[in-house]
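Positions annotated as active site, nucleophile by TrEMBL: Asp7. Per TrEMBL, the feature Mg(2+) binding site maps to Asp7, Asp9, Asp171, Asp175. Residues annotated as substrate binding site in TrEMBL: Lys148.
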Amino acid sequence: MRLILVDVDGTLTLDRDTYLLELDAIKALREIQKSGFKVGIVSGNSYPVLRALYTYLGFNGGIVAENGCVVYYEKLYEVCEKINKDLIAEFERLFNVKGSWQNVYKCCDLTFTPPYLTNEMVKWAKGRGLYIRTSGYAIHVSKSKKGKGDGVRFLISLLGVSKGDVIGIGDSSTDIEFLEEVGFKVVVGNGEEEVKKLGNYITREKSGKGVVEFVNKLIKGDIDGGIRGAGI
Ligand SMILES: O=C(O)COP(=O)(O)O
Ligand SMILES: [Mg+2]
């Protein structure tokens, strides 16, 4: 089996500062599903939000939610340690940020906006044995050191796919640990520079249009240096 895992915000959207989906990217991914690939989503968003999205988009390769802490494929799994939600009020008060409306639906990875990380926040998290990152959309606080990496590894093993048969597509530093777990790493053209350094393929186009560019090349068999068994 061949699997494509796609980040959501900044990757399936029109750009890195909007929630509007690039509909052509959805179309291209549905098309590649018809040729035998499975398509899954890997995101910092909460499970209910992603489960609805996954259902309405018609994908079939599973869900990694809460930055790797929650995994769904036929069944729901919590992969990380739960976080104490009293931290929401403390973090909001100390740093003048706002907890996401999705925090009530989360177990393990809490989010705050605006998405700008400060040294003081990093120090605060370290002092509490927590990990803190930014996706460009929000600040994420959890007990998970490996972020999306833990969830992606878990999903891949649930599906029984080998790492070499998995393609990952992302945009932000929260995708680094995710991309480290897959055989072929794609970064959208407007992605963060530190993520692009890891990429086997950097799209010319930004966000969702970049997904369209890559998937079309994959369908045509136009990608060099391919991944094992992926037909590229
Ligand atoms: O939850 C976020 O902050 C961003 O979500 P993403 O992981 O789909 O980019
Ligand atoms: Mg993203």
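Glycine is no exception: its Cβ is also placed from the backbone N, Cα and C atoms.
Curation does not apply to TrEMBL; its annotations are automatic.
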Are there residues of the same chain, six or more positions away from Asp175 (Mg(2+) binding site), whose CB falls under 8 angstroms from its CB, and which are they? Asp7, Thr11, Val42, Lys148, Gly168, Val187, Gly191, Val195
Where's the emptiest Cβ shell within 10 Å among the recorded positions Asp7, Asp9, Asp171? Asp9
For the Mg(2+) site (Asp7, Asp9, Asp171, Asp175), what does the 8 A shell look like? I mean other same-chain residues with CB within 8 A of the CB centroid. Val8, Gly10, Thr11, Ser43, Ser135, Gly136, Gly170, Ser172, Thr174, Val188, Gly191
Around the Cβ of Lys148 (substrate binding site), other Cβ atoms found within 10 Å total 32
Which state, by DSSP, holds Asp9 (Mg(2+) binding site): helix, strand or coil? coil
Near ligand 1, meaning Cβ under 6 Å from any of its atoms: which of the recorded positions Asp7, Asp9, Lys148, Asp175 fit that description? Asp7, Asp9
